[in-house]
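Asker: Quick paste of what Swiss-Prot says about this protein:
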BINDING   E9  Mg(2+) binding site
BINDING   H15, D167, G168, K169, S235, G236, R237, F238, D246, R252, K253, A269, K273, K277  ATP binding site
BINDING   E43  K(+) binding site
BINDING   E56, Q99, D246, K277  L-methionine binding site
Amino acid sequence: MDTFLFTSESVNEGHPDKLCDQISDAILDACLEQDPESKVACETCTKTNMVMIFGEITTKANIDYEKIVRDTCRGIGFVSADVGLDADNCKVLVNIEQQSPDIAQGVHGHLTKKPEEIGAGDQGHMFGYATDETPELMPLTHVLATKLGARLTEVRKDGTCPWLRPDGKTQVTVEYKNEGGAMVPLRVHTVLISTQHDETVTNDEIAADLKEHVIKPVVPSQYLDENTIFHLNPSGRFVIGGPHGDAGLTGRKIIIDTYGGWGAHGGGAFSGKDPTKVDRSGAYIVRQAAKSVVAAGLARRCLVQVSYAIGVPEPLSVFVDTYGTGTGKIQDAEILKLIKENFDFRPGMISINLDLKRGGNMRFQKTAAYGHFGREDPDFTWETVKVLKWEKA
């Protein structure tokens with residue numbers, strides 16, 4: 001039997017790039033909560049003892065940017081210089097301007113356009129992907145890497161592994177077979193975890209705790225065997241982490257945010273962007289489309305692409321590929337027609353249909369760590385499977 005190996009990685013909420021994503025989305029949440037029409041493009045960068053937010057925000061909301069930055073850092077666990085950043089004593093720099101009036105006029109007519117008339121906030125192309133290899137209809141490599149990272153955070157915050165610090169990375173390699181274009185996971189080949197830790201713990205204790213409290217609860221036992229390889233803090237020491245260890249920047253973990261290297265990616269990041277930015281809203285609607293196709297049993301894998309021009313509401317193109325896994329109910333050309341009939345790709349209508357103007361409740365901040373897709377949370381409206389209506393031959 002021909003098999004192949006495929007790998008996906010994830011990073012923890014305390015990774016400096018992910019810290020930046022969460023700050024950018026915390027600011028988006030605050031703006032949308034007070035003013036659902038807020039136009040937000042908020043970037044964050046960080047290094048030792050410093051966080052800077054910069055970008056373009058037009059909103060009626062009254063926002064204390066510095067407080068949001070400090071609260072977000074503190075919530076993640078950055079409470080002292082020892083762990084990589086001190087939320088209460090670091091420098092916070094704010095350089096926020098208003099959205100360009102040229103863009104405002106072209107996209108939403110300075111808020112005068114009806115929802116169906118709102119144009120895309122920029123050009124670009126986005127991809128949505130789904131696969132039947134997991135209940136989440138997501139790639140197993142990505143699901144496991146992401147859940148391992150989330151579990152690391154859980155056992156750090158609940159005191160199970162008090163030696164853990166916020167920064168960390170995970171990576172999972174799975175052996176697959178290709179079954180007529182569908183991906184069938186056979187076993188987990190390698191599990192890699194590199195986690196920040198305090199000075200007190202030994203490498204043996206780290207390995208034992210990670211196996212018992214992180215890997216065992218996350219990786220289903222049927223995928224593990226005597227040949228599974230475990231690399232647990234293989235560099236030997238990871239005390240210095242967070243922004244002290246590496247600089248961080250919003251939008252540098254776009255594959256972790258999506259499908260772990262499966263499917264395709266148009267290159268646009270999500271965090272800190274309001275729903276007129278099709279990098280985000282377009283990617284969300286095509287995930288819902290691809291997921292709905294697989295959930296309907298029309299294909300075992302599905303990739304959907306959409307593309308836009310700035311200021312133009314209708315998409316320039318919609319593409320679908322089922323990798324030859326169509327179940328024979330209808331062909332790809334008909335699936336494409338079905339997608340166009342069942343999903344409205346105009347940005348203003350995506351915002352309404354997926355309720356993307358609603359902030360608060362950490363709505364978007366939650367998306368900024370451990371993946372935007374495959375999550376069971378009512379706030380992730382794009383994960384709702386839409387029942388597709390079509391004429392059965």
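A Cβ is built for glycine as well, from the same backbone N, Cα and C atoms used for every other residue.
Just so it is clear, the model here is predicted, and its values are computed rather than measured.
Looking at the shown structure, can you explain where the listed features end up?
Answerer: Its Cβ taken as reference, E9 (Mg(2+) binding site) is surrounded by 20 other Cβ atoms within 10 Å in the chains shown.
Less than 8 angstroms from the CB of G168 (ATP binding site) sit V11, N12, G14, H15, G149, L152, I193, S194, T195, Q196, F238, G241, each of them six or more residues away in the same chain.
Of all Cβ atoms in the shown protein chains, 21 besides its own fall within 10 Å of the Cβ of E43 (K(+) binding site).
Using a 10 Å radius centred on the Cβ of Q99 (L-methionine binding site) and all shown protein chains, the other Cβ atoms total 22.
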Asker: Under 8 Å Cβ to Cβ from K273 (ATP binding site), same chain, six or more residues apart: give me those in sequence order, or none if nothing qualifies.
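Answerer: Listed in sequence order: L28, V40, A41, C42, D279, R280.
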Asker: What is the interatomic distance between the Cα atoms of E56 (L-methionine binding site) and E43 (K(+) binding site), given in whole Å?
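Answerer: Given the Cα positions, E56 (L-methionine binding site) is 9 Å from E43 (K(+) binding site).
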Asker: List the Cα distance (Å, whole number) between S235 (ATP binding site) and E9 (Mg(2+) binding site).
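Answerer: Roughly 17 Å, rounded to the nearest whole number.
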Asker: By CA distance, which of the binding-site residues (E9, E43, R237, D246, K253) lies nearest to K277 (L-methionine binding site)?
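Answerer: Comparing Cα positions, the closest of these binding-site residues turns out to be E43.
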Asker: Which Cβ among the binding-site residues (H15, R237, K253, K277) has the fewest C-beta neighbours inside 10 Å?
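Answerer: Among the binding-site residues H15, R237, K253, K277, the lowest count of other Cβ atoms within 10 Å belongs to R237.
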Asker: Near D246 (ATP binding site), which residues of its own chain have a C-beta under 8 A away, given they sit six or more steps off in sequence?
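Answerer: Same-chain residues close to D246 (ATP binding site) (Cβ under 8 Å, separated by 6 or more) are P16.
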Asker: Distance between E9 (Mg(2+) binding site) and K253 (ATP binding site) at the Cα atoms, whole Å?
Answerer: 10
